[in-house]
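Annotated features in TrEMBL:
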TRANSMEM  B:6-28  transmembrane segment
TRANSMEM  B:63-82  transmembrane segment
TRANSMEM  B:127-153  transmembrane segment
TRANSMEM  B:174-193  transmembrane segment
TRANSMEM  B:252-272  transmembrane segment
TRANSMEM  B:279-300  transmembrane segment
TRANSMEM  B:376-395  transmembrane segment
TRANSMEM  B:415-436  transmembrane segment
TRANSMEM  B:479-503  transmembrane segment
TRANSMEM  B:524-548  transmembrane segment
Amino acid sequence: MSTAKRKKLLTGPILLSAVKDSFVKLNPVTLLKNPVMFVVEIGTIIVLLMVLAPGYFHAEQSMGFNITVFCILLFTVLFANFAEALAEGRGKAQADSLKKTKQDITANKLVGTAIKTVSSSELRKGDIVVVSQGELIPGDGEVIEGLASVDESAITGESAPVIKEAGGDFGSVTGGTRVVSDEIKVRITSDPGESFLDRMISLVEGAKRQKTPNEIALNTLLISLTIIFLIVVVTLRPIAGYLGIALDIPVMIALLVCLIPTTIGGLLSAIGIAGMDRVTQFNVLAMSGKAVEAAGDINTMILDKTGTITFGNRMASEFVPVGQETEVDLTAWAAISSLKDETPEGRSVIELAKKLERSYDSSLGDGGEFVEFKAETRMSGIDLRDGRSVRKGAVDSVKKWVLSKGGQIPGDLDSRSDDIARLGGTPLAVAVDNRIYGLIYLKDTVKPGMKERFEELRQMGIKTIMCTGDNPLTAATIAREAGVDDFIAESTPEDKIEVIRREQAQGKLVAMTGDGTNDAPALAQADVGLAMNSGTTAAKEAANMVDLDSDPSKIIEVVAIGKQLLMTRGALTTFSIANDIAKYFAIIPAMFTLAIPEMEVLNVMGLGSPSSAIISALIFNAIIIPLLIPLAMRGVSYKPMSSSRLLGRNLFIYGFGGVVVPFVGIKLIDMVVSIWI
Amino acid sequence: MGTLQMVVVILILLLLVKPVGTYVYHVFSGEPNRTDKWFGRTENGIYRLIGLKQREGMSWKKYALSFILTNIVLVAFSYIILRVQRGLPLNPNGTSDMEQTLTFNTVISFMTNTNLQHYSGETGLSYFSQMAVITMMMFTSAASGFSVAIAFVRGITGRESVGNFFEDFVKAHVRIFLPLALLVTLILVGLHVPQTLKPTLEVTTLEGQAQHIAIGPVASLESIKHLGTNGGGFFGANSAHPFENPSPLTNVLEILSMWMLPAALPYTYGMFAKNKRQGWVIFTAMMTLFVLLLGLNYYAETRGNPAINALGIESSQGSMEGKEVRFGIPQSSLFTTVTTAATTGSVNNMHDTLTPLGEITPLALMMLNNVFGGKGVGLINMLMYAIMGVFLCGLMVGRTPEFLGRKIEAREMKLIAIAILIHPLIILVPTAGAFLTELGKGSITNPGFHGMTQVLYEYVSSAANNGSGFEGLADNTSFWNITTGIVMLLGRYVSVIAMLAVAGSLLRKNTVPETTGTFRTDNGLFTGILIGTVLIIGALTFLPVIVLGPVAEYLTLR
């Protein structure tokens, strides 16, 4: 989904259907899933009965008050339902747009050698289909023959087509995507209803949403707080009765609703859904909420060097002159040799020369003849019009070439080139006819910003381990440059599993990314496995998250989203519970002042009258839910920092804030309410 | 002067925390140490006698079961003795058998370390019952609670198992309670507390009247009464009685006896956790709440009773009603605060006559039941709040909350939910129930707000296994005997078993290594969080009843 499309998702229709859903969700059977709000609903119904049959309850005198209480309570439930419906609505809208992709597709099934046209819904695992240019791929599968470019924008939102070919790690295709060129044979790997698209739809729809372990634990706490306050309020009636204080049922219900954690109770499921949604918007598909939560707990992250930490291709990083030559000359000739070289290495030489602000006469190359790199010569270069030949290439080859032209080999060439090789770089020698000017130091470059990212991870307490097939020396160089904590050189897929097991044995949670089939076991072993959408089906099956953009460094953002999800939950719970102090001070004096006038001293907020105090507290309790919906949906802001600073900050905002805000809020509401009461 | 008296006692306590805590750690750590030499032989003798050859670690279930079964056996034994005490030896005063419901209440009261006394020791018990039931249970119930607390600590700090109940039980007796009780008894005897098996003295007063002066083996009971945070007095007047607590010196000794072990346990816990700061965090939170509530009581009592002040009666001493002149306000305030914090329940002044605001101190301490607390239960409860605090605030650092390196998940929260629910449930429900029946209401001797506090106090004291009486309530009726009996039972066993299950569950978990992303529980910030959690979750629950009782009484007292 493109950014534009994503933003549009929160539109009028979604709001409208959320409003509708908040009424549908009033059904007590649905609401039973949320015990806190269920208690509020029961209270609402009791007050409604008192409004409808005042004679039976002897509540004729307090009709106006009861109707007000009923309305506020009803809105409290509606607001909570609205929060959930809104969070779900965004998912549903995404699912709908995906469903459009999932029409019935005609498939060309290969039966023996003949091609039979069938509907995609008739395809079963193991069937083979032929897909030609312009056709939709009828189901998930592996390319077994051919090569084609495929437009996967329906799934990833990325418009540039990707190449899919038989064998290797780029063989998996997704149903519903379109072949834009050539023809491929695909072996179907999923039965109808179980395809990637189906799973994606059900995930974003939230249909199969299960409560995550942390949500269950938190819910337990909320339920027990609700029961405690239920006990407090129910037992208060006979106790106050002994003292000759009559407590009206609506007042008791008001006290109960204010004390039980309705704020977090109303927003809890919205926070969970929105957290998943944020991951989806990030174009990462999490197979379960549990995986997102686990991401927040990650202690160790295993990252492939190539493609994740580095660009993967070797780029010029330094010009090393040899013998008597100067760097200026070397740079000029290196650049000239690369003028017509379109390989990434060649372009990087020009880039580096530009970066070093070296000037050279590029017109020298005009009209020259480009000599392409060949496996036999292992050199490339240019033959200039003035007859001179410029070459760059493997040191041995260039040496041979220069010697054949009768040149001299500078004494320090070998030692210099060995130095570069030892550091994991690739030395390229640059020569003009019989004269060697020096070396280009090619190295694998760390992506910009990675060092800072790893520093952030370290602050979050996450250890990073880099896996690479390089020799230990090269690995150490890149590791130092990127700032990872540890590395495994010459690693095999088995090594990765080994490392994951070792870390897990120490009680750590491990995240990793992977794309190849041989990554699958490690992805399955890891607590959070992020597979690339471009990767094999096996890898995607084994992982618990799939990145549709195939950007392995995204795992870092996923961790941040996981943390943010947990933080939002914690922050709103703390806020909700801290609110109780102010609510007590609003309602307790209001309940007892009529019978015990001296209780007025407890009315520290100076609220207008007992009725206005109770109503103000209830209104505050209700409107805080919609006011916090944006926060619940967006998540609390998260910047990587040490846990103590993070805690101090959040505790101040949501803990201290949770104590103070309701005092102010209730007072303000009371000033308005007092005008009428 | 008054403040200084209290400060000195607190300072002595602070000096005792480290040595006593270290000693307790060595008793239970299982690592070889010097104390083995002194007590090893006695213990091995006992192990041989009871056939405890293999003392391997138990599962939490087995530990809990051993704890309960041991308690059941002791309850049955005690019940029989009290019911037939008349015919048993050592009954020089011819005390008759105890009534059924009163026996039920008494036996539970002492087994649960509550020591709520609906009987009067002078007339209700024979010397044999005092020794074989009351004093025996004072040892065994304290040792039971201590063992369970140690087991819980072993569980959450990740020892190989929660330990072996019988071994802990024996060690708690042999290495802690018996030697300390012996020492304190001798000192008390030296300070003129009676210790004799002679019958009640009959003396003729100067006016020629015959007077009966009750005596008996007081000092031996007095020592374990405080060391084991039991609180059941030899005499009805408890530690206000001049034979139980003759002087300010014995008063300080008794305060320290009951306070020392509960205050040292957090330190022991810190040693088990291999991070003493963890222990100090718990201790600091406890001490902060303690000092706040002590201050409230002292302030209220020194200000005196406004109704009496209004009569123009000299009241520079503060409210001395129900207090002993030999102790004065500071020694009474401190005793009241310590006895309800450490859930001992002995009293050296009548809590019924505390000023309304002063009443809040004992009530609040028992409602929290975690400010030091008796026989280990206080530590367990405080750690339960610590786990809750970790759960709430730990989320705010963006990780699944973990305590001492173990994740707090749904199972632990469910068990903690049980433990946290049971306390308000068994206080508020019976209190409300008592007001619905004449059986309950009829016992109130001082109607109005104070009467409401009388009833509340009775159940709070039972639920917290404190046992101090607000007195003034006519509580030796079947209604009170049975209801408080049930409350004491639930108050003791439900939370202890739930928390042992938490320990068992945490023990099975992998430890998560500590990183900079870990939520720290050994710093000042966490002390604040802990106090906040205790106040918001523990105290707010009881705010309405406190407002209707002491606060209303205070506001209306003119």
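Placed from the backbone N, Cα and C atoms, the Cβ positions cover glycine too.
Counted as Cβ pairs under 8 Å, contacts with the transmembrane segment (B:174-193) are highest for B:127-153 among B:6-28, B:127-153, B:279-300, B:479-503, B:524-548. The largest share of C-beta pairs under 8 angstroms with the transmembrane segment (B:127-153) comes from B:376-395, of the ranges B:6-28, B:279-300, B:376-395, B:524-548. Here the listed stretches are B:63-82, B:279-300, B:376-395, B:479-503, and the one with the most C-beta pairs under 8 angstroms to the transmembrane segment (B:252-272) is B:279-300. If you count C-beta pairs under 8 angstroms between the transmembrane segment (B:279-300) and each of B:6-28, B:63-82, B:376-395, B:524-548, the highest count goes to B:524-548. The transmembrane segment (B:479-503) makes contact with the transmembrane segment (B:63-82): 3 or more of their CB pairs lie within 8 A, with pairs spaced 6 or more apart in sequence.
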